Amino acid sequence: MIENICCIGAGYVGGPTMAVIALKNPHIKVTVVDLNVQRIKDWNDSDLHKLPIYEPGLSEVVEKARGRNLFFSTDVDKAIDEAQMIFISVNTPTKTYGVGKGMAADLKYIELCARQIAMVSQTNKIIVEKSTLPVRTAETIQNILDNTGNGVSFQILSNPEFLAEGTAIADLESPDRILIGGNETPEGQMAIQSLVDIYSSWVPKDKIITTSLWSSELSKLTANAFLAQRISSINSLSELCEATGANIVEVSKAVGMDSRIGSKFIQASVGFGGSCFQKDILNLVYISKSLGLEEVASYWEQVIIMNNHQRTRFATNIIKTLYNTVSGKKIAFLGWAFKKDTNDTRESAAIYVADQLIEENANVSVYDPRVSEPQIRYDVKYLNSRSEEKNSKHLKVEPDPYKAFEDSHAIAVLTEWDEFRDYDWERIYKSMLKPAFVFDGRNILDSSKLKAIGFKIKSIGKV
Ligand SMILES: NC(=O)c1ccc[n+]([C@@H]2O[C@H](COP(=O)([O-])OP(=O)(O)OC[C@H]3O[C@@H](n4cnc5c(N)ncnc54)[C@H](O)[C@@H]3O)[C@@H](O)[C@H]2O)c1
Ligand SMILES: O=c1ccn([C@@H]2O[C@H](COP(=O)(O)OP(=O)(O)O[C@H]3O[C@H](CO)[C@@H](O)[C@H](O)[C@H]3O)[C@@H](O)[C@H]2O)c(=O)[nH]1
């Protein structure tokens, strides 16, 4: 029976996932470790507002379990040594160098974990892939463990995480399914069973499915590819709606009512963001190309091409509508996070839209309820499109949204935060230059109400 778990990586997945596992299994000691000293300090902060991740419901879970059977630490070796089961939950970003640059997943952090586990371990352990990985990565991990270890035996499991940010705790508490892949050997099956037991503390048995390692690894990439494909599909049609006078909201509703299609994940937008979709699809494309499956690769690549087009199209539409120049014009951004209810900005459409507008000398003024100013500045700097001096001249971050609107030519909604709907739009209209334009990249505002006030509003997929 498992009594001691360690998780390497205290990020958006490791933190919330282990908090819920600890909450539901009070008899198991769960230690989450990370190399990032500040991150661990924030996880241990007695002020729960300072947790490194904003997720609804997360602080309540941490409050209940932390110090009882949930611990955050930078002592990676000790946690590995003591654990019977080790989750690897480190980042697997797109490679930015060398072979596979811009496409393949960078597995250097995974390999470092495997080597550290091999070096430290003195007892048999179960290693759980929690990170999203290319299919057959378990083989690589097994190789490293078997060839550099101390003669102890390791069982590798794949247990991909399906939580979405903003709803992480709800997703973890009632998941659609728990997927566990493992070896078909008796030892592999025993390892699978020990992980099934942990989830069974709160997840109904029929929602826990077990497969081979390779099916499990590939299912995670497939799920993300399908989800992102739905968004690119609807976004491609949003452009057709704008050209024909059809309305994408009506089209989504009409097609979504077909139970074979379903209504979720067909909301047109300025484009999907987040740390997963783009990275995982590029990875799928790369794997397919590497295996010589050109048609498969280009089929999935189109999902990314369409998403890039949707972001560019949104920015271009702002420029065209503002009489073909935004130079020196103030454009207020509502939202910077890649979706509501998270402080995560990775791959957020807002970054790319801002970059395109700054290139045209616009003055972008950003308000987001959860994203900090240093993060917003870092995101634009990271694209490396121009000098820092120019970026800082053209990018402002406002803690008060009404300050961002003052004397602006246009407002662009980039994130669907609920509070935006309830703003005093009469007051906003008065404070803006006229004509006052609104570009609703999330279709969340009441366009007839705004039109009645006097705004010129442009939504996605609607004329
Ligand atoms: N973010 C999500 O919503 C989500 C959901 C499902 C799956 N995933 C996958 O989970 C994995 C982690 O994603 P994330 O968003 O939590 O990433 P993250 O960047 O938030 O967290 C990863 C953490 O791992 C730490 N780390 C890296 N190497 C380490 C090492 N050798 N030792 C100790 N700590 C180390 C980093 O310091 C970082 O804090 C990725 O593979 C991702 O694709 C993410
Ligand atoms: O109809 C929709 C639904 C989503 N989005 C956008 O798509 C992006 C991704 O949203 P979402 O999938 O809700 O958040 P993530 O946290 O990126 O979660 C995805 O990526 C995770 C990491 O792999 C997976 O675990 C989740 O199952 C998967 O939903 C965001 O920019 C959303 O605004 C749309 O534009 N239209």
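Backbone N, Cα and C atoms are what each Cβ position is placed from, and that goes for glycine too.
Quick look at what TrEMBL annotates:
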- Cys276: active site, nucleophile (ACT_SITE)
- 9-14, Asp34, Arg39, 90-94, 131-132, Glu165, 276-279, Arg346: NAD(+) binding site (BINDING)
- 332-447: domain 'UDP-glucose/GDP-mannose dehydrogenase C-terminal' (DOMAIN)
* To do: Please report the DSSP secondary structure of Thr94 (NAD(+) binding site), reduced to three states.
  => strand
* Distance from the residue listed as 'active site, nucleophile' back to Thr94 (NAD(+) binding site), taken between C-alpha atoms, in Å -> 10
* Asked: Expressed to the nearest Å, what is the distance separating Cys276 (active site, nucleophile) and Asp34 (NAD(+) binding site) at their Cα atoms?
  -> 20
* Looking at the binding-site residues Asp34, Thr94, Glu165, Gln278, which have a C-beta within less than 6 Å of some atom in ligand 1? -> Asp34, Glu165
* Structure fact -> DSSP, reduced to three states, assigns Asp34 (NAD(+) binding site) to coil
* To do: Anything from the recorded positions Thr94, Cys276, Gln278 with its Cβ under 6 A from ligand 2? List those in sequence order.
  => Cys276
* Asked: What residues, ordered by sequence, lie under 8 A Cβ-to-Cβ from Asn91 (NAD(+) binding site) and sit at least six positions away in the same chain?
  -> Gly9, Gly11, Tyr109, Ser131, Ser275
* Structure fact -> All chains considered, the count of other Cβ atoms within 10 Å of the Cβ of Glu165 (NAD(+) binding site) is 24
* Nonlocal neighbours by CB distance (under 8 Å) for Tyr12 (NAD(+) binding site), same chain, sequence gap 6 or more -> Ile53, Glu165, Ala168, Ser275, Asp344
* **Gln278 (NAD(+) binding site) in three-state DSSP notation** => helix
